[in-house]
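The following features are taken from TrEMBL:
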type: DOMAIN; residues: 1-266; note: domain 'Major facilitator superfamily (MFS) profile'
type: TRANSMEM; residues: 20-43; note: transmembrane segment
type: TRANSMEM; residues: 79-101; note: transmembrane segment
type: TRANSMEM; residues: 121-143; note: transmembrane segment
type: TRANSMEM; residues: 150-170; note: transmembrane segment
type: TRANSMEM; residues: 176-200; note: transmembrane segment
type: TRANSMEM; residues: 212-234; note: transmembrane segment
type: TRANSMEM; residues: 240-262; note: transmembrane segment
Amino acid sequence: GAVGLVVASFVETSMGVEKFWPVAFQLMALVPILSVILMFLFVAEPKREGVAEAAPAGISARRVADIWIKPVMSFVGNYGVRIGIILLMLIFLFKVGEAFLGRMSIIFYKEVGFSKNDIALYSKGFGTLALCAFAVIGSIINARYGLYRGLLIGGIAMASTNLLFAALAYHPAEWLFAFAVVTDQFTTAMSTVALVAFLSQLCDRAYAATQYAAFASIGNFSRTTLAVFSGVMVDSLGGNWALFFVLTTLMVLPSLALLVYIRKDIAALMEGKTTKVI
């Protein structure tokens, strides 16, 4: 993302191209092409020591049961219907506020006056590096305080960080932009690590792949469906970006309330886990 914005800015300013995005994308397309050429020239094909047997064709009732029905029955059997529904709602809602912010962030940066170079440097450059670095810190926090506290702390921090963007709407200073982006990436990394660890602990080892894929899909579904209305929301607020970011902060609260509500149930259900939960 950072490279694309820098290339677009270079094409627009240095090359004087009015319709700079098509040219920028054409230049960016050369990167994977050159990568493939270099791979063919310098990377040798690994030796094959054996050929795996093909899986039997067709879908049997037993296969459907193993892939879909048994994992669902295992989840309901482990947590019950009430706690199971609450857990799924928590997963669905946890990242909604962050998704609304992420959908509109680039548009917001441009509207308050930041250039493509600024966005590339702080949001896509420093922000991405901070995300990778802070993921390690997030894992340490979860190991120290447990998955429940890590998820709760991460959720509160993630929601609170959105208020920095509300302040940025009133005072679009470059230092505040950098601080907001880096802080947001830190809390995003911390909450994401906590959520991934929490979901992993929810899974039954016998059906871990299917259950984790289902949990991740539920979380992604909320971010890819509800967040599409972020632009409509900004327009309905009359372009009031500060209020928009305050509302994205409030969107996290229902999932945190659900997490607090089932705290004792989680402690009882996950008793004996090797990972510190509560």
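Cβ coordinates come from backbone N, Cα and C, glycine included.
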Quiz item: Are there residues at least 6 beyond the ends of the transmembrane segment (212-234) whose Cβ is under 8 Å from a Cβ of it, and what are they?
Solution: 71, 88, 91-96, 98-100, 102-104, 107, 195, 199-200, 202-203, 240-241, 244, 247
Quiz item: In the predicted model, what is the mean pLDDT computed over the domain 'Major facilitator superfamily (MFS) profile' (1-266)?
Solution: 80
